Amino acid sequence: MAGLRDAYKDSIKALAEKLSVKLKEEERMVEMFLEYQNQVCKQNKLIQEKKDNLLKLIAEVKDKKQELEVLTANIQDLKEEYSRKKETISTANKANEERLKRLQKSADLYKDRLGLEIRKIYGDKLQFIFTNIDPKHPENPFMFSLHLNEAGDYEVSDSAPHLECLAEFQENVRKTNNFSAFLANVRKAFTAMVYN
């Protein structure tokens, strides 16, 4: 009986040791499970943070894309406006060139046929030079200078040779605003001076 009891004690002791080892293994397994669960929670938190950051970046990219589309549309509008303005300027330049050609043709006609040359001189003055007045010396110049005063009226500043009637002609052109008649009267006065 004592042998049975000792065998029983030994088997209980062995079983207790086995259970103790199993219990320690299970405790270690629970600790490992809890540690893995903690790591999974941390990983999930990191994943959520990265997901939030990614969504934020996606939203920013969408905003930038919309801004880019708006800027692209603005650039296109500006290009079209520039093209229209360039076309308008080109048309205006062509019209100005044509007008300049006509004016140059008229100036050449005045110079060749009427012996009238117009020059811009100092102080925003125009100098009118008549030739072909004196039949003996057709190249002799007869001239006067003219400008607009602050009131916007014609003002004759000098003439060579001097004409006494220029003040009267000046008043007439201010009243009538008929500049062609003014030029014709000045030419007649220079012509009359030659023949007198």
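Placement of Cβ uses the backbone N, Cα and C atoms for every residue, glycine included.
Automatic prediction, not curation, is the source of TrEMBL annotations.
The feature coiled coil is assigned by TrEMBL to 9-113. Along the coiled coil (9-113), the predicted structure has mean pLDDT 93.
Sequence annotations record features per position, and here TrEMBL assigns domain 'Chromosome segregation protein Spc25 C-terminal' to 122-190. Secondary structure of the domain 'Chromosome segregation protein Spc25 C-terminal' (122-190), assigned with DSSP and counted as helix (H, G, I), strand (E, B) and coil, comes to 26 helix, 20 strand, 23 coil.
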